[in-house]
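Residues or ranges marked as hexadecanoate binding site in Swiss-Prot: THR61, SER93. Taken from Swiss-Prot, the feature domain 'DegV' applies to 3-280.
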Amino acid sequence: MNIAVVTDSTAYIPKEMREQHQIHMIPLQVVFREETYREEIELDWKSFYEEVKKHNELPTTSQPPIGELVALYEELGKSYDAVISIHLSSGISGTFSSAAAADSMVDNIDVYPFDSEISCLAQGFYALKAAELIKNGASSPEDIIKELEEMKKTVRAYFMVDDLAHLQRGGRLSSAQAFIGSLLKVKPILHFDNKVIVPFEKIRTRKKAISRIYELLDEDASKGLPMRAAVIHANREEEAAKIIEELSAKYPHVEFYNSYFGAVIGTHLGEGALGICWCFK
């Protein structure tokens, strides 16, 4: 059985890596001043942060139109028998639900939607795993889904924001909490819990927040088992590179990626956000 892998743009897997692993991508949409852009295709992360700075306003975001999902699946149906369609958490987007609905609209391929319950390159790790399983001979979509569900036990992601105002605008914090938090220089560490973004711990400074995320990574990385990990930044590429250099020296058994919060996720976290995600291979 020929099985395809699809993910959406919020996995932030670079184009070259998608092509290398034969991973197909459906973009979410970003609306800037009434202009609609397809994330990662018509708007990359660098252009997004430049636009936000230039106009001092944030875009709105939306899931892919269901017609685009149907069209992608039908096109894949010409070469494949089934598709594993991996998407950002259903708790923050309707993309997974749209993929499930699109399944009933296509006849030439079986669609297996998968809710990653997370986003960014942590979501991308599921797509990479699915592609590896297929390359290594997996021929049952059900078995691949089972492996991905098992993988949820080891996927971790923690991140911090530089400006609480973005969380407040998105309804994550009250205005009073954001104001007081800014005065106290609180840098909340966030994570996904039950499919939504929630505070994990409140830390007083950026430096201490990053140190705490290091500690959380060490709980798994110190076991010495092969792992994937990514340092994810919101327009802080050099800072992410320095962190990777430091962590790679400490954990040579971990494969590190320098990744980013693109337009859709960056809209909700704001420039300066930083996180680390990881999983066992």
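Positions of Cβ are set from backbone N, Cα and C atoms, glycine also.
The average pLDDT computed over the domain 'DegV' (3-280) stands at 92.
Listed in sequence order, THR10, LEU28, GLN63, HIS87 are the same-chain residues at least 6 apart in sequence whose CB falls under 8 Å from the CB of SER93 (hexadecanoate binding site). Its Cβ placed at the centre, THR61 (hexadecanoate binding site) has 18 other Cβ atoms within 10 Å.
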